[in-house]
Amino acid sequence: MPLNRTLSMSSLPGLEDWEDEFDLENTVLFEVAWEVANKVGGIYTVLQTKAKVTGDEWGDNYYLVGPYTEQGVRTQVELLEPPTPALKRTLDSMNSKGCKVYFGRWLIEGGPLVVLLDVGASAWALERWKGELWDTCNIGVPWYDREANDAVLFGFLTTWFLGEFLAQSEEKPHVVAHFHEWLAGVGLCLCRARRLPVATIFTTHATLLGRYLCAGAVDFYNNLENFNVDKEAGERQIYHRYCMERAAAHCAHVFTTVSQITAIEAQHLLKRKPDIVTPNGLNVKKFSAMHEFQNLHAQSKARIQEFVRGHFYGHLDFNLDKTLYFFIAGRYEFSNKGADVFLEALARLNYLLRVNGSEQTVVAFFIMPARTNNFNVETLKGQAVRKQLWDTANTVKEKFGRKLYESLLVGSLPDMNKMLDKEDFTMMKRAIFATQRQSFPPVCTHNMLDDSSDPILTTIRRIGLFNSSADRVKVIFHPEFLSSTSPLLPVDYEEFVRGCHLGVFPSYYEPWGYTPAECTVMGIPSVSTNLSGFGCFMEEHIADPSAYGIYILDRRFRSLDDSCSQLTSFLYSFCQQSRRQRIIQRNRTERLSDLLDWKYLGRYYMSARHMALAKAFPEYFTYEPHEADATQGYRYPRPASVPPSPSLSRHSSPHQSEDEEEPRDLPPDEDDERYDEDEEAAKDRRNIRAPEWPRRASCTSSTGSKRGSVDTAPSSSVSTPSEPLSPASSLGEERN
């Protein structure tokens with residue numbers, strides 16, 4: 001299987017140098033995950049967005065392996081004949097022995113080839129395979145856990161496929177198998193147990209036990225080393241799942257996580273230190289003109305404003321031109337996603353805006369799917385009233401315009417008293433009467449099944465944000481995924497994000513965090529935390545994140561009340577910005593999108609694959625492990641111009657250097673004079689796209705001189721190429 005090219009690791013700035021080039025000829029990559037062409041959670045986004053970059057590297061030697069689902073194949077996959085004789089013989093052999101294996105092309109950007117295994121069609125072998133799993137790995141799976149049983153079937157089918165592929169290949173290829181999450185982990189364990197010549201990688205995107213523990217309101221990060229992991233997993237009836245995850249982590253040639261914070265978590269809960277961190281990226285669409293994404297923001301904001309006009313009919317006593325739209329979105333995990341902190345901060349922000357007589361109004365959206373039975377009647381009525389008013393205004397406008405045209409046509413000025421007749425005034429009075437409302441605008445757009453016990457609604461009742469006229473902060477809970485076909489808010493998620501001013505994601509447990517990353521690539525400022533993978537990554541790479549519209553909330557070193565106060569300060573300072581300052585900040589935020597592009601972050605996966613090849617096939621690939629020296633990293637400096645608002649240019653971490661000088665505040669007029677958008681854009685893009693990555697003198701070098709803004713902190717024991725140590729990466733030491 002010729003690939004006809006080689007790839008030099010030394011060509012990638014910031015990664016450790018390699019003495020020899022890796023020849024990828026006769027090397028095949030299989031990426032195995034339950035979410036291949038099967039949307040369940042965030043791993044689907046990782047695979048979908050990464051496919052093009054990986055395909056560009058591996059060509060036709062890259063395959064994704066996932067479960068067969070009728071819905072997924074019907075809408076996302078084009079079934080094809082296998083392109084190589086070895087692959088065709090493999091599928092024919094498995095299908096002839098009672099399996100159902102499909103081959104096709106995933107209809108996403110990059111069009112990767114996929115192998116889909118029908119788990120249900122192989123259920124006849126479940127009990128036998130569960131017995132073999134017990135004999136091989138001492139992992140027992142209860143009959144009632146359907147998800148775990150599916151993982152067993154999927155794992156055995158994956159191992160069968162890989163073994164059959166190797167047997168059917170005339171020229172034995174070097175196979176790399178990359179497994180994502182515990183649902184695919186059984187296959188990795190079996191590959192090692194059967195001694196298949198396969199280089200294995202296991203990536204955990206979030207530990208099972210970590211998610212369960214954080215949902216239970218424990219002081220998770222301060223007690224990582226104190227948890228009895230077997231006892232905790234057993235009490236939550238996930239011990240068998242935990243064993244699958246832990247076994248996969250220990251069996252893999254290379255173990256990776258998506259962030260430094262998750263690496264520390266995995267080290268304590270899974271008892272293995274990750275070999276490398278592989279951050280998640282996105283496919284970034286660059287605009288030909290700087291103002292293009294600003295125009296998209298204005299267009300999307302207009303769509304949101306139409307919804308707000310209808311939702312707040314009868315109480316629309318605030319200026320929409322002085323209204324800011326904040327939002328939080330994601331899985332409905334009230335504490336893990338930080339919805340509790342956001343609501344408390346909104347209550348404090350409402351108080352500050354009221355006592356200071358601010359003209360700004362904030363509308364905060366909560367986009368979190370929950371159990372509902374229908375739309376709220378008042379919400380539907382609001383949109384109907386808005387449409388009726390629009391139709392009435394258009395009717396009167398047409399009649400007025402026609403009479404004006406006829407009057408001007410004959411060369412005379414119109415008599416304004418005759419432009420509208422009695423019928424027109426009656427129509428307008430009826431429209432005004434329709435806007436009368438006795439109750440406050442609803443907080444929730446749907447009827448909740450558990451209204452009395454819903455965490456968001458219960459908290460709103462406690463803090464008293466009922467969308468009254470006196471409130472400067474309005475709250476809208478939309479417990480459903482956004483859709484352009486919705487009768488309430490007819491926009492998709494991407495358009496909604498573009499129309500908002502600030503995304504707020506004060507998560508307590510967030511191994512990576514795609515929502516703030518999506519905000520960044522769309523030029524929308526966001527709030528993240530130093531307990532999220534995204535927040536830690538940005539703190540490591542940006543000297544002053546808030547100046548670029550990335551506000552890092554400290555939830556690691558502060559109490560819950562202090563974190564709420566810090567978030568309130570962020571939100572209030574954001575409300576004080578002028579429109580021009582927000583435009584400048586959005587420009588800066590959008591410039592960071594290069595940092596989150598798979599073209600940049602894909603190098604971490606590349607490094608993990610090369611490490612696995614070197615460990616599995618040492619006679620063909622060489623790898624010299626060494627600690628990254630102090631110069632292996634770079635922090636983007638503050639923007640060239642003054643910060644976007646007088647109070648925001650500061651580090652959010654309490655551990656920043658005290659000798660760093662804060663920029664001098666300037667009056668608005670001086671700010672405008674100093675700011676040159678084109679000049680600053682050029683400087684920022686030079687910082688982001690072409691940082692001066694230092695090169696090590698040799699593979700064993702462990703020291704380096706300071707250059708520019710290179711972070712010279714001691715490096716982490718987890719190998720993370722091109723990344724300096726962050727506060728989050730030293731949690732183990734901080735706990736002591």
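Each Cβ is built from the backbone N, Cα and C atoms, and glycine gets one as well.
Residues annotated as UDP binding site in Swiss-Prot: Lys39, Arg331, Thr515. Annotation note: Thr515 (UDP binding site) sits in a helical segment as assigned by DSSP. All protein chains shown were included, and the count of other CB atoms within 10 Å of the CB of Thr515 (UDP binding site) stands at 26.
Within the same chain, residues at least six positions away from Arg211 (UDP-alpha-D-glucose binding site) with a Cβ under 8 Å of its Cβ are Asn336, Tyr509. If you look up Swiss-Prot, you'll see His205, Arg211, Arg331, Glu510, Trp512, Gly513 marked as UDP-alpha-D-glucose binding site.
Here Swiss-Prot flags 631-736 as region 'Disordered'.
Here Swiss-Prot flags 658-681 as compositional bias 'Acidic residues'.
What Swiss-Prot records for 682-695 is compositional bias 'Basic and acidic residues'.
As annotated by Swiss-Prot, phosphothreonine applies to Thr700 (among others).
The compositional bias 'Low complexity' annotation in Swiss-Prot covers 714-727.
Swiss-Prot lists Thr720 (among others) with the feature phosphothreonine, giving similarity to another entry as the kind of evidence.
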Checklist entry - Inside 8 A of the center formed by the CB atoms of His205, Arg211, Arg331, Glu510, Trp512, Gly513, which other residues of the chain have their CB, for the recorded UDP-alpha-D-glucose site? => result Gly42, Ala206, Ser507, Tyr509, Pro511, Tyr514, Ser532, Gly533
Checklist entry - Just counting, how many other CB atoms are there within 10 A of the CB of His205 (UDP-alpha-D-glucose binding site)? => result 22
Checklist entry - Taking the binding-site residues one at a time (Lys39, Arg331), which has its Cβ surrounded by the most other Cβ atoms within 10 Å? => result Lys39
Next on the checklist: I want to check the contact list for Trp512 (UDP-alpha-D-glucose binding site): same chain, sequence separation of six or more, C-beta distance under 8 angstroms. What comes out?
Outcome noted: Gly42, His205, Val258, Ser259, Thr262, Pro279, Asn280, Ser532, Gly533, Phe534
Checklist entry - Relative to the Cβ position of Glu510 (UDP-alpha-D-glucose binding site), how many further Cβ atoms are located within 10 Å? => result 30
